[in-house]
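Chemist: Checked Swiss-Prot, it gives:
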CROSSLNK  27  SUMO2 cross-link
CROSSLNK  94  SUMO2 cross-link
REPEAT    119-213  repeat 'GTF2I-like 1'
CROSSLNK  212  SUMO2 cross-link
CROSSLNK  225  SUMO2 cross-link
CROSSLNK  308  SUMO2 cross-link
REPEAT    342-436  repeat 'GTF2I-like 2'
MOD_RES   448  phosphoserine
REPEAT    556-650  repeat 'GTF2I-like 3'
CROSSLNK  579  SUMO2 cross-link
CROSSLNK  622  SUMO2 cross-link
CROSSLNK  638  SUMO2 cross-link
CROSSLNK  684  SUMO2 cross-link
REPEAT    696-790  repeat 'GTF2I-like 4'
CROSSLNK  732  SUMO2 cross-link
CROSSLNK  829  SUMO2 cross-link
CROSSLNK  889  SUMO2 cross-link
MOTIF     898-905  motif 'Nuclear localization signal'
COMPBIAS  910-923  compositional bias 'Low complexity'
C-alpha cells in the first residue's frame, strides 16, 4: 500500500459524516484497514492488466493507492491531490466575511494553517506570507500618503468592509489576512502585485497619529523588527521633510513590490550580494516617483511576472525574490520559522544576501553606527589584526559572501546571533599604499589595549573605518564578482581596488587558507598546475591591468615577496631532484610523474600538510615553510624507468644523457638565422606540441588523482563495513541519509562528495591526509551494502588486480609497437579520438580495445588468457607522442591535432563499444564515426559495482 498520510491543518467544513468524529476512537484503524483493502483490490485489478489511480481524503490525511503506474501518475502530479483535498474542504478563495465570519475573528492572531499537502516546506509558506504582508503594508502606506511603511490594521478593515477598497487582486481572490491564503494564492498575489491598489473610501480619524512606521526611508534600523502588531496603536516618528520629495510620497512605494523570479540561469547572472551601503530610498526602490501604472506598468513587470511556479511540491523560495526587509528580518529575528527556512532553502542567492546583510550590520554595530555599512574585506584580509571577527563557525575563514557555497552560508547563518566584529585599531595604510611615513602618535598602537586610548582616538578610528567603508553609490553594489570592490573610498583620493569585476583577489599575505580556497572558486575544477598559473596570472597581470599608477606599489610589493620565494623553492626542488638522479646541475622536476606514481616516486622531508606541487601553487606561508625545511627535503626514486616514459623534452645539457633516454635532440646550426622560416616553423611546432602535451598531462594527472581518491574512499568504506577489500561508496544514499555514515579526517573546508567534483588541489589535500580519513557507519540504511551479482559475488576484490594486470599488458604491447624494449603508457584518449591510428589484434572477438578501467571481470580474464596473441600496430603516429621513439613513422603533413571533448560518465553508465579501435571497428566507418562523436573520459572506480560484501573470498588478496 502506498500511503502518503500527509496531514493537513485546514479545519474541516463538514465534508465527512458525523459518525467519523473523534468520539469514535478506532476510526483511524478502520480507515487504514479499508484503505489497505482498497489497495488489495487495486493489486488484483493490476493482475488483469487494469490500471487504477485513487486518492482518498479523510479529515487531515490524504492517501494515494492504486497500481504501480497509477501511483506513479499521482505522485508525479501532486497538484491533483491538493486540488482534490481543497475541493473536499469546499470551494477555495471564498470571502471569509460571507462564509465564515467567526473563523476570521478566531484566526486574527495566527490565522488558519495551510494544507501542507500542497507544499513540502512550511518555512517557504511562512516566507510567502511575510512577503504578501509586506506588499499589503506598502500599498496601505501608499493609500495613506505616508512616507514610511505602516502596518495594515486587518482587524478594523475586516470589521468595516467599506473602509478600504482593494483593486487588482487575482481573479477569484478576496482580500483577507495573508495567513489565510494557500501557497498558490500567495504566489498569484505576488505575481499581480504591480496591479494591486488600495484606496481609502473615508479617512481614518486616528490613522495619522497612531500608525507606526517600521522602516525609515533613509535606511534600515539595526534593531530587529520583531513581531508585528496589527492594531492601530503606537506613535509614529516624524519624518524630516527633506528625506523625501513631496512628489514621491503618494506613489513612490509602488515599485517596492514582489514578483516571481527569473529563470535560474538568469539569476546566476544577476548580482549576488546585497547592497552594502546604508539602505537609501533607492535601495528599497522608494526614491523614484512613478505614475499610476496602466499598460506601461504591466509591460514593465512582464519579465518578472511571466514565470509560473514550477509546481506546488517544490521549494517556493527558488521562485521568489525576498525584499531587503524580509532578508533583514531573517538575519536579525530570533524565530524558529527563520531557522527552519535557513536549513531547508538551497537558494544560494538568498543565502549570500543574508550573510552580506549580517556582515554589514555587525560591522556597523562595531563602528557604533545605526545603519549598515559595507565591510572592507580587502583591508581586513591584508591587515587582519585591525578587526577581529568573533563567532564565525570553525574552519570557515572570513571572506566575501559570494565566495562561500551553500553549506558554509548555512553554517554562518545558523550562528548569526553570535557573530560580532571587534574594532581593535585603525588599518595600517602602508599596507594599501606601499608608502613609508612617520607614524602618527595619536593613532592607536597595535599592542596597546583599548582602554588606554582616549576618546578622541576612538572617535578618529571609527570615522576612519566608517569613511573607508563608505563608497560612491554608483559603484556600491559589491555583488558577487569574487574580486568586486565594495570599499572604494568615496572620500579618499586613491583607489585601493581595481574596477574589473572578473578579477579574483588572491593577495592575502597571512597564512590563512583563504588563498587556497579562492582557487576553488575559479571557474571549473582546474588541476594543480592550472591553479598555480591562474593565480599567478591573476595576481601579477590581471590586478595591475587597469590599475592607476599610484596603485601599482601595492601589487608590486606583494609580487616582490612571492616571486623570489617561488624561484628559490623551484631551484631547491630542481637541485634535490638532480641529486636524486645523479646529476650535478639542477634539472627540472617532472611533477606529473611524481603525481601519477606516488608509490615509486615521492619526496620526503616536506613540512606537514604540504605535498609536492609546482611552486606556483603555493602561497607565501607554505613557500617559507618549505625553505625552512630545505635541508631535510629529499627526492626518492624507486623505479627510474618511470621517469623516461612519455618524456619528450631531452636534457640539453648532456648529449649522452639525452641519447640514453632514447631521444635525439634536434641538430640546430650553431648560428641560426632568426628569419629562417623553416627554423621558426619547427620551433613553433615544437612549442605547440609541448603545450598540447602539457595540457594532456594535466588532464591525466587530474584523472589519476580522482582515481586515487576514489580508491581511497572505497577502501575506507570497506574498512568501515568490516571488509578487507574496497567497496563502492553509495554517495547518493549517504547524502539522502544524513548522519548514517560519518566521515572524519577530511582537510578543513573540503566536504565529502564524489571525487569527480574536486579540483586537483583539493584531491592532493585529501591524499595528503589519507591516513587520517575514517568512515564510521552509525546506522544501516537501504543500499548500505549493494546487492550482489550472481556471478561476481565471490570475486569482487579480484577486479582491481586483474585491471592492473591488463593495464601492464597493454603498456607492454604499446612499447613493443613503438620499437622500444620497455612498457609505455598507452594514450587511450588519443587512440579513442583517432581509432584508425592504432590497430589492436588478438583480443577476443567480443571485446573491443579501450581503457581497462571500463572492462568487467569476465573480459579482463579473457584478455589475460589471450595475452600471447595480443598485438598492437601503429598505422598513423599519434601527434603528442610523435617524439617518443626514434623509429616512429612520420605522420602525414595534413594530419591535425584531434579536438577532444570531455564528458563525465554517470554512475552505472555502460560504455558503448563504439569507442573500439580494434580491427573490426576500424573497418566499420559507422562505428568510427560514432567514436569520434562521443568522447568520454573514463573514471575507473565509478563503474565498479562492488556487491556481495558479506561473502567471504576464497583466499587472501594483496590489495
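Keep in mind that glycine also has a Cβ here, set from the backbone N, Cα and C atoms.
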Chemist: Spatially, which candidate from the recorded sites 27, 622, 638 is nearest to residue 732 (SUMO2 cross-link), comparing Cα atoms?
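Modeler: Result: the closest of the recorded sites to residue 732 (SUMO2 cross-link) is 622.
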Chemist: Closest of the recorded sites to residue 638 (SUMO2 cross-link), Cα to Cα, picking from 27, 579, 622, 829?
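Modeler: Sorting the recorded sites by distance from residue 638 (SUMO2 cross-link), the top entry is 579.
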Chemist: What's the number of neighbouring CB atoms sitting within 10 A of the CB on residue 638 (SUMO2 cross-link)?
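Modeler: I count 10 other Cβ atoms within 10 Å of it.
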Chemist: Using a Cβ cut-off under 8 Å and a sequence separation of 6 or more, which residues in the same chain sit near residue 579 (SUMO2 cross-link)?
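Modeler: Listed in sequence order, they are 635.
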Chemist: In the repeat 'GTF2I-like 2' (342-436), how many residues does DSSP put in helix, strand and coil?
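Modeler: DSSP classes over the repeat 'GTF2I-like 2' (342-436) add up to 48 helix, 8 strand, 39 coil.
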Chemist: Which whole-number mean pLDDT does the model give the repeat 'GTF2I-like 3' (556-650)?
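Modeler: Taking every residue in the repeat 'GTF2I-like 3' (556-650) and averaging pLDDT yields 84.
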Chemist: Among the recorded sites 27, 622, 732, which residue has the largest number of other Cβ atoms within 10 Å of its own Cβ?
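Modeler: Of the recorded sites 27, 622, 732, the most buried by Cβ count within 10 Å is 622.
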Chemist: Run through the repeat 'GTF2I-like 4' (696-790) and tell me, per DSSP, how many residues are helix, strand and coil.
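Modeler: DSSP composition of the repeat 'GTF2I-like 4' (696-790): 46 helix, 8 strand, 41 coil.
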Chemist: Just to verify a number: CA distance, residue 27 (SUMO2 cross-link) to residue 829 (SUMO2 cross-link), in angstrom, no decimals.
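Modeler: About 66 Å separates the two Cα atoms.
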